[in-house]
Every structure is written in C-alpha cells, then in structure tokens.
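**Student:** Checked TrEMBL, it gives:
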type	residues	note
ACT_SITE	E147	active site, proton donor
ACT_SITE	D294	active site
ACT_SITE	E388	active site, proton donor
ACT_SITE	E406	active site
DOMAIN	688-774	domain 'PA'
COMPBIAS	791-800	compositional bias 'Basic and acidic residues'
COMPBIAS	813-827	compositional bias 'Low complexity'
Amino acid sequence: MSEAGGGRGFGYSVPQRAPWSLVAATAALCLVSATSVWTAGASPMSREEKQKLGNQVLEMFDHAYGNYMEHAYPADELMPLTCRGRVRGQEPSRGDVDDALGKFSLTLIDSLDTLVVLNKTKEFEDAVRKVLRDVNLDNDVVVSVFETNIRVLGGLLGGHSLAIMLKEKGEYMQWYNDELLQMAKQLGYKLLPAFNTTSGLPYPRINLKFGIRKPEARTGTETDTCTACAGTLILEFAALSRFTGATIFEEYARKALDFLWEKRQRSSNLVGVTINIHTGDWVRKDSGVGAGIDSYYEYLLKAYVLLGDDSFLERFNTHYDAIMRYISQPPLLLDVHIHKPMLNARTWMDALLAFFPGLQVLKGDIRPAIETHEMLYQVIKKHNFLPEAFTTDFRVHWAQHPLRPEFAESTYFLYKATGDPYYLEVGKTLIENLNKYARVPCGFAAMKDVRTGSHEDRMDSFFLAEMFKYLYLLFADKEDVIFDIEDYIFTTEAHLLPLWLSTTNQRISKKNTTSEYTELDDSNFDWTCPNTQILFPNDPLYAQSIREPLKNVVDKSCPRGIIRVEESFRSGAKPPLRARDFMATNPEHLEILKKMGVSLIHLKDGRVQLVQHAIQAASSIDAEDGLRFMQEMIELSSQQQKEQQLPPRAVQIVSHPFFGRVVLTAGPAQFGLDLSKHKETRGFVASSKPYNGCSELTNPEAVMGKIALIQRGQCMFAEKARNIQNAGAIGGIVIDDNEGSSSDTAPLFQMAGDGKDTDDITIPMLFLFSKEGSIILDAIREYEEVEVLLSDKAKDRDPEMENEEQPSSENDSQNQSAEQIASSSQEVDLVGQESPEESSLNSHPESLSPADTDNAASISPSEQNSNPMENHETTSLDGECTDLDNQLQEQSETEEDSNPNVSWGKKVQPIDSILADWNEDIEAFEMMEKDEL
Ligand code: DMJ
C-alpha cells in the first residue's frame, strides 16, 4: 500500500509484510482506483511520449544535480547564477531561510533517494559513500529543527530505506551496513534537546554542536514555533525508532502531537499558525492549510498510514471536517480565524497550500482536490509558476517562486487517482516552464519575480528531493522504477519510508484515545469513506466534468463576489459590503458603514481615517461585518500601495552562452523610457568612463549605440543618465557600489529623478545591485561581447527564438493590466502615490524610493482613542481621496463629535472578546505580512 501508486493506476494494495488489511479494516481512507480505460476527455498520451518526458526529467535532474556536485558540493546548496556553493556565513544572511543550512551537504543528502527513484543506482552508491566520508553533523551552527528533520533526517532515512532494499536485491550496496541509519540516529539524538520544554513542543532551532541552552548555543530563548514545525516529526522520528529500536524518538514526536491536539480550538477544531512552546497559547490565530500548518495535517494522516494508529486518523478526520467546513471555499482555500471561523483572515492564498489536493487524494476526497488543483493550474498558466502568494482574484501578492514542488506533487497524485491524461499534460507544461524560464547554464534558478521572469541565485534542496521524483513518477510505468513504489510512503520532503515499519519495533504504548472522540458526529463522515459524495465513480469523464465549470475561473470570474452561504443567509438577500466594492459616493454604502459602526474621519494632514466603534454598530452581527470590512480595507490599502509602485524590471543576458537564460532583477527609474509601455531595449554593454558617469564621458565611441554600465554614487541618477545619453548610449544600467549587495537580501528601489524636469531623458535606465551587476561584469571579462535586453518581463529564451516576441506572455501581461485597470476603476482611490520629490533619500546623493515593498496598510490608533481600554479598529489610508474629502467632511466631523469615549467595561461581553481577539489578529496579520513563507 502507498499513496504513491504504480504505473497505470492508483491503488492501496496490501503489502505482503504489513498488516494493512487490519489497518484498512478500521480505515476511513478511500480505496481509489483508476484502472478503467480512458475513453474520452483529454487524449491519452502515448507510451513513447511519456518515455520522452520521463527522459527529459532525467536530463533535467542531471543538469541540477551535476552542477551542484561539480560547483557547489560539499556546500549545502548550489547558487546557480554565480555557479558556486552557498556556504552559511559566507553569503549575506537571508534570515530564516538560511536555517535549513547546517554545513552538512544538504542537497546531497536530500537527493539520495531521488537517485534511486530515477534509476541512478550507481550514482546513489557514490553519493552514499560521499555522505559517509564527508558529512559532519556536529557543526557549530544553529539550524531549524523542522527543516533538519524533514530534509536531513528524512534524507538519511530515505537513503537507508532504499539502500537496504537494494542490498536485499543482491546487486548494489552489498557493502552497506546501516551506516546511514547510524548517522540518522546521531542526528536524532542531536535534535532531542529541542524537546526540553514543559509542553513537549520543540524549540524551533537548535545548535548542532551545543544544543539549546548553553551560552555557546546562541539559541533556546525562542518562545514560539509554527504548528507545522512542531507537528511534522512523527514520520521521521517513528521510522528512526522502529529502524533502531530506540523508542525515545517516536515518544517525543507523539508527545508534541498530543499537545497540539489538546490545544486545538475546541469549537472550530482548527489550529493556529504559531503557538507558544511554553504556555501552549496560540500566538497567531489564523488558520489555513498552507504556510505554517500544512504538514501538521499531512503527518496526522500519513502517521495513520505508516503506523496504523487509529487516533491519528480520528484527529485528522476531525481537522479535515473543520477545514472543509470553514477553510475550503472551492476552488479556494482561505485562511480563517480559529475563534471566528466564518471570518476570513486574509484575501490571499500561499503557494504551499498546493500540496493539499494531493493530501485530499490520499484521504479519498477527489472532487475538491480536482477543483483546487484546476484553479492553481490556471494561476500557473497565467504566470508560468505559482507565485508565493496570490489574491482571491488571482493577482500576484508575493511574486517569488523558489521552484516549489507542491503543485507537481498534487498533479502526480491526481493522475494516479483519476488516470486522466490531462494531468500528464499539466506535468508536461511544468517541465516546459522549468526549462524555459528557470533553467540557467549552471542549474535551475528560483524565480525572483514571476511577473518579470527574473531569477534569484538560489536552488533549494527540495527541488531535487521532491520535484524530480514527482515529475519522473508521473510519466513512469511500473517497470520504469526498480522497486515497488507502493511499498513506501512519501514524507513531506518526498523521502521514502517503507510501510513494513508499521509492524516493526512497535514498543511505544499507544494511548487508547478513541473514547475521547465522542464529539465526532455523523457529519464528520461526510469527508470519509464510504461516502457517496466522494466515492470515485467509474466514469472516465469524472475529473473533466468537475474541471469544466471552473475552466475560466482565474481569467473571467470575479471571486470577490464569492460569498459564504452563511453570510448571505444572515443578512437577508444582500451580502455584506466588501471593501473592494465600497464607493464613497454611494449613499447606500455610507449607510451600511454607519450600521457597521464605521465612521470616516479626515485627519489634518489630508489622510482619511476609518474608525470602527463596534459598540455603535446596529447589532453584533453588523459589528462583526464591520470588523471584516476594516480588515479587508487594510489589505486593500496595502495592495494598492504595492500596485502603485513601479514594478521591478528585468535585465536578460541574451548573448552566447547565456541566450536569455540568465535574468536579473532590476530596479526601474522614475524617469527615462518606460519599459512597460515601450518594447524592450536590446544592446551590447560597455562600461562608461568615468565609471560613475558623473561627468561628460571620455569614451563616447565605446558607449555609442550601446547600453552603458555606470557605477552608483557621487551624483544623481538623472545626471548619470544625461551624461551617457549625450554620449550616444541607448540605455543605462546603474550598478550598486555597495559591494555584496543583492536583490536577494535588500529591497529593490526605483531610481527617482533629481526633482527637476526629467523629460529630456529618453533612454531606459535600470538599477542592479552589486551581485547582479557583477554577473554582467564577469561575463564581459570572460566573453567580451555581452548583449542584454532591458524589459519589464523576460522574453522567450529559446535560442532559436531569441529574436522573436513571445505573444502569449505579452498578451498575458496586457490582460493583466487591463484587468487591474478594470478592477481599480470600481474602487475608491484611497491611496496616493509618492511623488519623486517625496521619495526618501539615503546616504547616497541619488534619490531612491522603495519599488516593491510588502508594507501593510498603516494602522494608526485613532486620535480619539485616548482611552487604552477603548477598543476600536482604525485604519489610516495614506494619501487622500478628494471625493471623500469634499463629500464627507461634514458627516465625519459630526460623527467624530458623536463618538465619545465609551468605557470598554460597559460593552457587551461577546463584542468585547471578539474585538480583543481581533486586535491580536490584526497584529498577527501585520507580522504575517512581514514573514517569509
Ligand atoms: C518542502 O521542504 C516540504 O515539502 C515542506 O513541507 C514545505 N515545503 C517545502 C518545499 O516547498
């Protein structure tokens, strides 16, 4: 049995060695099979084409793995743009992301079992020898417990699982004597001190050499961890216990899971995103299935599959019921508040939730899996990759994409479940996009911005651990894999653990918790099997019939119109007012605002402030609607601020040997040719003399007709632009003089003018940080002639097509801006744009303004809110709205006067607690905006 499935169909077969039949007797998992012959819908893919695609995946893996081994190993990861290893401490810190790097050759360990799945047994044997010879697990480095568990412990255990499988087959690994397992055990013991808390939840970080509390450890003072961080240990820890007989690991992981379960919000049965590891209080009370929680749910279900312990399934089912009740709004999955699960906590989704359709397949709930997957695929078709976060109306919220594998994972499981060749076509698109947009001469580079196609110097280890496995298995027939994948379960990092572990070393005393679950009612089993709602029908058109109504959901629908049944119920025929729809000129809207206790106040500096006094709402339901409206307004304001910034631009190296494959993120200029309106500018580059471009150039013949490179500093950007333009340059790239700066670690800026009229500057100007700039300077040193393309979005990088336009992406971006115009025309323009003169100055004399910041809308306490006990929501919207100014002046003044401070103690209790919670939620939201995924 496995969720992996074999070649032609998906199945939960019964492995010889595991008592799966016993497990299955109590299981609520669906036995899903798609062995029927495909008769209609997407045309079937021929065996030859599948093989061709499988071979392409192998070639891509070789490119990624080969470059890592050649240019980065023994470093943790490859930096594919600069073609070297990423060594922690030697590169500028990227914050939490770096906590995965423990100087333990992360990518090699994470790739071990991928090598066997991809039939590279010889390379696997070599790789295992290298791990045993080179890897040190005792470095003085602080690492994430979660990442070290899923990538390193999981990687070693996956490697061990397949090493013993190969040894048993009798050809390879005959020398192997559980050495990887011994390393895994050593690492397991290193992680254990993290669990030294009263709750049993682990600290988020540990020093591999010094543990937690010692002064040298530099960690152990943290108070919070994410739910997924504490709840994604059981598979690896239980496997380690069962392989070695040392029960302590499984015990610790179970204890952490038990604690999380106890702390679930009892009325909604949801969990928050972060929890205090000492008190067990929820720190962030928003709840979804993506970042921060995702693999907690995954591990409950998979722990049941691997360990056969019913309590895990019952917990999973309870949570799943809550997810489907509150978070699932097909095809969307939207975060809610654990205490107020009918209230959305965000208007955007993150990319990590793309694993969820795959988990739903394992659960046996195929319909919503198909729906969410289809929605995600349409977002991908729009941007080539899934942006880190996107709004409910499918605009980019966070534009990065670090080559995450979750969507490929779900595609694989859906194909196994449905047998629908449509999913093979989806996989083919993923392969094409990776090769077209992410492949660089030295590996595959993460996307810095899916809108521009620019790259980041980053290839995460999960790309090798997961992406290539799922893509290869998608196209593989049973005989293409040298072992039976159905005998294994995939961890969250796609490492393989054998199902026979369920019967091995079962010495952990299982709590008989079944009686605790009396709160489950029949409706819980709406989401379990057997269930006529979700049983997979033997209809080859089933998946297609579910996708059909959604086929234009991203392009044409207006999901902000999606309103919950309950919401429309309680407010009669009319749904509550959404922030996006609010028109200051609409008297009906103003009336609704009043009903919700929201008033508009004009501040002396011209800003408009919305204040909510819940006590003044017509009813507690209106007060709740008002709170939601305020939160939507805050998000909207933040989004508008972002949209009004000039988006980043791309510098693409198009000459040999790059052929457009390297794309650098560039800051735009507020003057000169606007690359979003005009076609791109293409030309060879030449350094200007003087290099700072602050006076008339002494080498006009060298820059004439070329794109001039100029160093930042010593004069205004506009002055540099004028000097190179006068020398005949057709464009300019300003390179940061601050050595080592990079768009990976510093926020991008737009170059502002000099406060004077800059209409005389007609050439395009872009800004590169030093690291990106040095990629061009290095290329000049090596190849002399270097040609670049300056544009708003990277162009097709296929060598044969390097001179052609890419009509589909052009259309895409046109559609997108048309869409944005359409949607913004309905909205009140609440946010003004910073003028160049107002842009902030830094130590350099040129003026800079932030180009792509993630600021949330500013929330300032109301000036009337002098009583700390008074609790009301306010949002200050930067910039002013003249309409509002003129029309509402009178009203706001009146309302201001009529809002005397009210003693909070007099307020009705339910509203009190709602608002108290809400304030915490707003803080959490602000934190979340700052957080990385
Ligand atoms: C992987 O490391 C794991 O899948 C984890 O659970 C979350 N996501 C990353 C890849 O995106």
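Each residue, glycine too, has its Cβ placed from N, Cα and C.
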**Student:** Quiz question: given the active-site residues D294, E388, which has the greatest number of C-beta atoms lying within 10 angstroms of its own C-beta?
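**Tutor:** Within the set of active-site residues, the most crowded position is D294.
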**Student:** Measuring C-alpha to C-alpha, could you say which of the active-site residues D294, E388, E406 are within 10 Å of E147 (active site, proton donor)?
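**Tutor:** None, since no candidate lies within 10 Å.
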**Student:** So for E406 (active site), how many other CB atoms are inside 10 Å of its CB?
**Tutor:** 24
**Student:** Run through the Cβ atoms and count how many others sit within 10 Å of the one on E147 (active site, proton donor).
**Tutor:** 23
**Student:** Mind checking how the domain 'PA' (688-774) divides into helix, strand and coil residues in DSSP?
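**Tutor:** Counting residues by DSSP class gives 19 helix, 17 strand, 51 coil.
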**Student:** Provide, as an integer number of angstrom, the distance between the C-alpha atoms of E388 (active site, proton donor) and E406 (active site).
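**Tutor:** E388 (active site, proton donor) and E406 (active site) have their Cα atoms 12 Å apart.
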**Student:** Please report the distance from the Cα of D294 (active site) to the Cα of E406 (active site), rounded to the nearest angstrom.
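**Tutor:** The Cα atom of D294 (active site) is 11 Å away from the Cα atom of E406 (active site).
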**Student:** Which of the three DSSP states, helix, strand or coil, fits E388 (active site, proton donor)?
**Tutor:** coil
**Student:** As a test of reading the model: what is the averaged pLDDT for the domain 'PA' (688-774)?
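**Tutor:** For the domain 'PA' (688-774), the model's average pLDDT rounds to 91.
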